[in-house]
Amino acid sequence: MSALYYGVAYYDEYMPEDRLAKDIALMQETGINVVRIAESTWSTLEPQEGEYNFYHIDRVLDAMHTAGIAVIIGTPTYAVPAWLVAKHPDILVTTVDGQQKYGPRQIMDIVNPTFRRYAEKIIRTLMAHVQHHPAIIGWQLDNETKHYDNIGRYMQEGFVHSLQEQYSDLAQLNKDFGLDYWSNRIDSWQDFPPVENTINASLACAFSRYQRQQVTEYLAWQAEIVREYALPHQFVTHNFDFEWRGYSYGVQPRVDHFAAAQALDVAGVDIYHPSQKHLTGREIAFGGAITRSLKLGQNYFVLETQAQGFAQWTPFPGQLRLQAFSHVASGAAMVSYWHWHSIHNSFETYWKGLLSHDFSRNATWQEATTIGADFARLSPQLAELKAENDVALLVSNEAMDALNQFRPGDAQGNIYNDIFRRFHDALYDHNISVDIIHDINEETSRYRTLVIPGLYAADDGLLERINHYIEQGGRALIGFKSGFSDENVKVRSSTQPGILHRACGVSYSQFTLPEETTVASCNAAIDCSKDNQAELWMELLMPDSGTRTLLRYQHPAWGEYAAATDADYGQGRAIYVGFLPQKTLISQLFDALTSDLDLHSRTSAYRYPLVTKKMRNRDGRGIHFLFNYSGEPLDFISETSGKALLSGDEVSCGQPLRLKAWEFSIIES
Amino acid sequence: MSALYYGVAYYDEYMPEDRLAKDIALMQETGINVVRIAESTWSTLEPQEGEYNFYHIDRVLDAMHTAGIAVIIGTPTYAVPAWLVAKHPDILVTTVDGQQKYGPRQIMDIVNPTFRRYAEKIIRTLMAHVQHHPAIIGWQLDNETKHYDNIGRYMQEGFVHSLQEQYSDLAQLNKDFGLDYWSNRIDSWQDFPPVENTINASLACAFSRYQRQQVTEYLAWQAEIVREYALPHQFVTHNFDFEWRGYSYGVQPRVDHFAAAQALDVAGVDIYHPSQKHLTGREIAFGGAITRSLKLGQNYFVLETQAQGFAQWTPFPGQLRLQAFSHVASGAAMVSYWHWHSIHNSFETYWKGLLSHDFSRNATWQEATTIGADFARLSPQLAELKAENDVALLVSNEAMDALNQFRPGDAQGNIYNDIFRRFHDALYDHNISVDIIHDINEETSRYRTLVIPGLYAADDGLLERINHYIEQGGRALIGFKSGFSDENVKVRSSTQPGILHRACGVSYSQFTLPEETTVASCNAAIDCSKDNQAELWMELLMPDSGTRTLLRYQHPAWGEYAAATDADYGQGRAIYVGFLPQKTLISQLFDALTSDLDLHSRTSAYRYPLVTKKMRNRDGRGIHFLFNYSGEPLDFISETSGKALLSGDEVSCGQPLRLKAWEFSIIES
Amino acid sequence: MSALYYGVAYYDEYMPEDRLAKDIALMQETGINVVRIAESTWSTLEPQEGEYNFYHIDRVLDAMHTAGIAVIIGTPTYAVPAWLVAKHPDILVTTVDGQQKYGPRQIMDIVNPTFRRYAEKIIRTLMAHVQHHPAIIGWQLDNETKHYDNIGRYMQEGFVHSLQEQYSDLAQLNKDFGLDYWSNRIDSWQDFPPVENTINASLACAFSRYQRQQVTEYLAWQAEIVREYALPHQFVTHNFDFEWRGYSYGVQPRVDHFAAAQALDVAGVDIYHPSQKHLTGREIAFGGAITRSLKLGQNYFVLETQAQGFAQWTPFPGQLRLQAFSHVASGAAMVSYWHWHSIHNSFETYWKGLLSHDFSRNATWQEATTIGADFARLSPQLAELKAENDVALLVSNEAMDALNQFRPGDAQGNIYNDIFRRFHDALYDHNISVDIIHDINEETSRYRTLVIPGLYAADDGLLERINHYIEQGGRALIGFKSGFSDENVKVRSSTQPGILHRACGVSYSQFTLPEETTVASCNAAIDCSKDNQAELWMELLMPDSGTRTLLRYQHPAWGEYAAATDADYGQGRAIYVGFLPQKTLISQLFDALTSDLDLHSRTSAYRYPLVTKKMRNRDGRGIHFLFNYSGEPLDFISETSGKALLSGDEVSCGQPLRLKAWEFSIIES
């Protein structure tokens, strides 16, 4: 990874005509130096059971190698061929909606032994065929693997077996999960009912965690097979993705990225996001922060991101460049488009690649060539950038599951991610760079501040470690509902917010929904004159003696209660907030918590849409990115001295700068 | 019932730790004198087939008895244990969505003989075990029983069998139900098709009535078993509920409360309602009026109502008291909360009891202690209150079914209840107290006015009895669509509104939907300058000669038609209204009908949010309740002289009074 | 058809009492001269297998004949009797929602051989019984036949078989349909997976076309049976219908009307439409235009249309007349109501006939009698009217399927029909009369202008024929997305809009969604000062040299691209529009294209709500209809001289005329 990778997904299989030579010539013109192939093409590779056809793979490998373009090969397992389903219909996954029907990808039962047997055979056959080809730099396991909401026989049986291993005694399980309620008690393992329709959130969340563990296990199983063939210099990666709301919205509920990434050499990811006037860079930032954290700050691959994408994403002039360098600014070592050309048939016809269906040199492609040139030219400065953040955001799949089981009021969908995004985006807009972590351990001490939104379910250990972190001098901004229930989603019967009560110095016994309720400030540094709505949830907070009230509710019945508090604990400090604040208020609470600290993560006094990122390159130089995430020109004063890498100009601190619509600058200091 | 009961549901089974002694001490502090236990705990009572465990029940009975707290025991049958479903999967009910899956409560097939056999055995075993315990004052059969939309084999077969008993001749059934239409004719009982997807409303409604009859039969079957064991001083009750829209909205479609209550000694009910700034008392009033009417005016039990309830219901200061005394003012002999504490796991974690999960003395609990004290202190005046209403509202499950089959325009859901609530709430807001009846018989003559909304399906006999009631001097306010179809939901081919045409002196042959149509008044006493929209439906009324037109449509095409009419008939009078009026217009029509009558039901010249109720206590004294259903103080002039029971002050007629936000007063005259 | 038919559907079977004599007397009073009977009454005709009962049919035929009322008999096959389903449950159709359940009509599997056997038997038995009855003038095959979304075994097997006939080689199928994508490749006919859940639009659209072909085949099969019995003077017809959105909205997706009509002597149709203040005549016009085109301009039957209809359709005074003569003005030879009386039970109780449930002479019926009288009186002038349009609109079931597979943005439902209606209605409002065609052939040359909306999928031949039509002097207004994909829904890899690029002189490689984007005019004749929004889709058009830009996008990023262009090609001209314009802009584009032409189709300078139609009667006289489609009186200057047929007055060109609300005039010139 001495140079930035600039890539595309490429499918010779899908071409309406033989384009290979023309495409490679055009890729070279674009600056493409890596392609990703083969994943999802099982039916082409093995058109009938045991009959193999490597025509497309062989010719692409050879041609790319000749052209000096590196290749990543994906195992083809995430879409099953018709003959396999015809022969073994049981390999299709069963969800609460019944068994899935043939047609889409990602509908197999990944814990089905028959599926595993066939998947292993095609992986081994493919690996054996191509393993020594010099074009190959790495391997991608499957693609966007998830558990596909599997409630099938193998998943259910495995889950019950895992509980049996955990609980010798059903009485303890009944107690931990509260199964006596509504006659859900289980007194014999033989009676264990299907989990799919349970009304017990403890059981549902345990099952959800088990489902994610099977994704981890499946990828580790593929990694082990692939590594039998892979050469030492080749990496093993996977293409993770995020909660999808028409784009990459939040933390992935169906995969534990942190656990699953253990099997990989390099973390890979796809990031898709709104574009045109809705382009903000927020998804690039949070997706990058999570993926960068999976392998402890190592650079990661953006294995897929949008070129033209959906019709509503066709990029405005400048946006494709802005996006590419935003990925780099988050620590990406590769920016690879989905995909080279636009598909002429089937599902993703309107998910357009760099080229349109006509393969012409369209405007988006033209902009891509400038990125390719700049990646090549600036790789000495921009490859292997490292973040040096001292602020971290704590996320948790377990808290997500539990909170989503108990959504406040009539909230719909993945409300955990709505909360996560609110906190993340507030920091992003405030130019606070964060890492994203999923646990507190000895590594955490390098962070000077933690932001903890919606940590609804957590075991005592994690909460104690948070308290300990604060006691040792850490700062924490802790959101409502945190600490409320244990790892089994049993609500704590202690004073709330459970164990966190000690560090936060605040408690509550009642809560309600805010109906047009606002908050007022009790602290001169916090301005609540606007953006002061309490949203989603409202804990009636009672500060301990010594705890400072930062905000109060403005309400005829609840005006006596605190809405946010600030307490010292040991060497540290914790702000607890009992409702969902708007972004500007979150950033004010963050400042109230950290104003006396000199944070590396605080990259600028400027605010969104002027977004800045500070990274360190392998020469130890500071790399300052300045992005204009707006359609209007921005004028501002430079906070840095150094060399503007794109123009080659020297910039001095205090100098007026201008960025045109969607323009950016990179200053090496 | 010499004293008011103040109770909670209590589940030792669900406790995260042994709390019994602490809870009872705190209950005594609260003034709790009754608890309701055991219902829904089958899996705890019989953890495996034939193995019983009465640990929790025994210890709760003993401890409550020692503490002087009475106990109601519920049969545990409304949630089935996992072992029973594992052994007999067929006991789960089948609905149009397929067979229900294990997990929730209330998913059994109540006409399945296997379920009945197991249910009988646990009931008998439980009864035999506890029957002589002195703490027990009564028994609750099952809980919120309904037919659970059962379309299973037993329900379908039973339905066809019931039709065979009713119809010796399929030709008559074909004719009555109009089955020739779209080739739905049935010419052999063997061919009788499943009813679930019928497009014939006559058949669908007959099936719905049969489903309700099975609820009646099921509760009578349980009552018979329980009475084999119950002691003479113990009552048998059931916890009815209402159409649920996140709260108790309207008449229950899946149970015929009037028929099912025949098996009970005392009617019981749960009433849940919006709270905070949406608290109106309307649900307490209509729920009370129906339940009071089930046993001919006898006092009833509110076996469940909200304490803290859902997060959005957390009561404002004063509201818990206001609610409790509103139940009493409707004739409740018991106010019992769901539930004592808040559940730490599973489905109702956020349906909070008097205590939060932390068992602390929270603000709601503190207010509850004042209710307990006042209930104890004022029971001599407030126990066994009787209503003396001379206005009744006629409801009908059969009309509901039929009207909901033929909803006007794009109306959704249970439109019958929307209409019922509109008429009920208009009277409530107007301080007209009503009984709610389901038939016209010799008892009905004590009412001086009937209000009949949406009586869409009715047999000739009922319509004739309405006419007869009017002819004998009664007054009636009759809503649109009444009389339109017979008991088989066959539209009458006579002049509409069918037999009611005689008493109402009005007819129509055409109708339409009102699109932004208003009505104008033809009567000086009725002001249509505002709230004059015709909603939902619009009959083009043509008054008979001698009939007075009260309202006309304001519309370029329909302006010649009447919208509401007023006719004398025999000694009585009937107002017929051809559309859905807004509440203030309904109350004006009621006044136009009754202004010359001195009604007991007309309790005050005041209007909502000042709500008044007049009851008679066992000493023959008038008890006047004055409720402020608003968050603002209300000033008004007393219409009564007597003693204010809460303050002990004497109040005289004409004296200025003030009620603070959500406050109330009780005056004994 | 020497006189206009005025009819009703009549069901002696559904009557609550014997009404035949009374009904016939009243029909005579109404002017009814034809009734339509028997369709959907299979269970009455054959109450048990092999037992027949022709009581109702015989007595209706006899009585109608005596009264001089003609009869159309429908085969009863579109609703199956209970005994047949009990005996052969497999005849119920299976859709993606599973097998349909007994109850509704139109739920049979029309390709099931068992169903066909029983259907053939009842048709033959009925035909043999009635065939010589002198009252009968014609036969209706089934009713509103569709494929009912059939994905059953016979449909799937037949589809695969049809592909086998088309493709000797699966490799070609894989290539044409792009099945390699996501591993959907099929390498053995035995593996052919169920199509129902395919994500391949090529496969889905081929299946959809096959489903429609089975409707064509089914009606041809019935026609063949019926013609074995029908007498030479009797016609065979069918009652087609349209895409249903609570009324007849657009082109029927589940039937190829043009293909299916080959089996008929006369095309029949039902047309239902919004009424009251939403009555526009648009559905009458487009439904008439399609149906008239099915048999090459021959007069057609409106076998069903609304009398009172749904409650929201109860006609305002004058509307029933306006509607009836609007059908005649489109070329209808019959106007027949659904239905005579209103049904007293079952599904269509509130779909009211001419008579209400009370059979009284209601206001709508009274208006109907004036129509009957005028039809009788004016038949010499109004029977057998012919259109002489020189503008045609091209529709395509194949383009509809394909476009609906790839809906722009978040468009829902049948977006093709939204586009079709936009273009149709723009012309209607502009008083441009159109024919509607489904192909370009030698007949097309008689049209001087074609309007081609959304021709998304088309084979090379059709696009070449369009180019040729233009080259030979035709004019064409071509909408966005036309030409984009081939007949297999494979996107063309040539320059877009594919082959049409030649005639249109414009190309594009990129497109996007318009977000609040407007267009600006580059042509003095086109006013874009209002109604200038670009809706739905937005192609970034680049005109060839010599092509005139008519419109540009107003947008910071896309302002350089054309939005609509105008090019000469051979002797003709083509306007291409890259977005969905509002109606007034469509009409301006049409005028820009045709302003130099003297079009027969351009019937008036007046605009909606004054709608005019020009027809030619059998005496060669021009018949000018002038309809006031509004609730306000309209004053205007006559554009014609002649005799006003309703009043008998002579009208001269230039004379001021007035039409009252919903009034019309007919001038014979």
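Every residue gets a Cβ built from N, Cα and C, even glycine.
TrEMBL has this to say about the protein:
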{"type": "ACT_SITE", "residues": "B:GLU144", "note": "active site, proton donor"}
{"type": "ACT_SITE", "residues": "B:GLU304", "note": "active site, nucleophile"}
{"type": "BINDING", "residues": "B:ARG105, B:ASN143, B:TRP313", "note": "substrate binding site"}
{"type": "DOMAIN", "residues": "B:10-376", "note": "domain 'Glycoside hydrolase family 42 N-terminal'"}
{"type": "DOMAIN", "residues": "B:390-599", "note": "domain 'Beta-galactosidase trimerisation'"}
Residues from B:ARG105, B:ASN143, B:GLU144, B:GLU304 facing chain A - recorded positions, CB under 8 A: B:ARG105
Model confidence over the domain 'Glycoside hydrolase family 42 N-terminal' (B:10-376), averaged pLDDT: 97
C-alpha spacing of the residue listed as 'active site, proton donor' relative to B:GLU304 (active site, nucleophile), in angstrom: 11
Rounded Cα separation (Å) that holds between B:ARG105 (substrate binding site) and B:GLU144 (active site, proton donor): 11
Coarse DSSP state, helix versus strand versus coil, of B:TRP313 (substrate binding site): helix
Densest Cβ neighbourhood among B:GLU144, B:GLU304 (active-site residues), 10 Å radius: B:GLU304
Whole-number Å value of the largest CA-CA distance among B:ARG105, B:ASN143, B:TRP313, listed as substrate-binding: 24
Binding-site residues compared (B:ARG105, B:TRP313) - the one with the fewest other Cβ atoms within 10 Å: B:ARG105
Distance [Cα-Cα, Å, rounded] between B:TRP313 (substrate binding site) and B:GLU144 (active site, proton donor): 21
Cβ-Cβ neighbours of B:ASN143 (substrate binding site) (radius 10 Å): 25
Secondary-structure category, per DSSP, in which B:ASN143 (substrate binding site) falls: coil
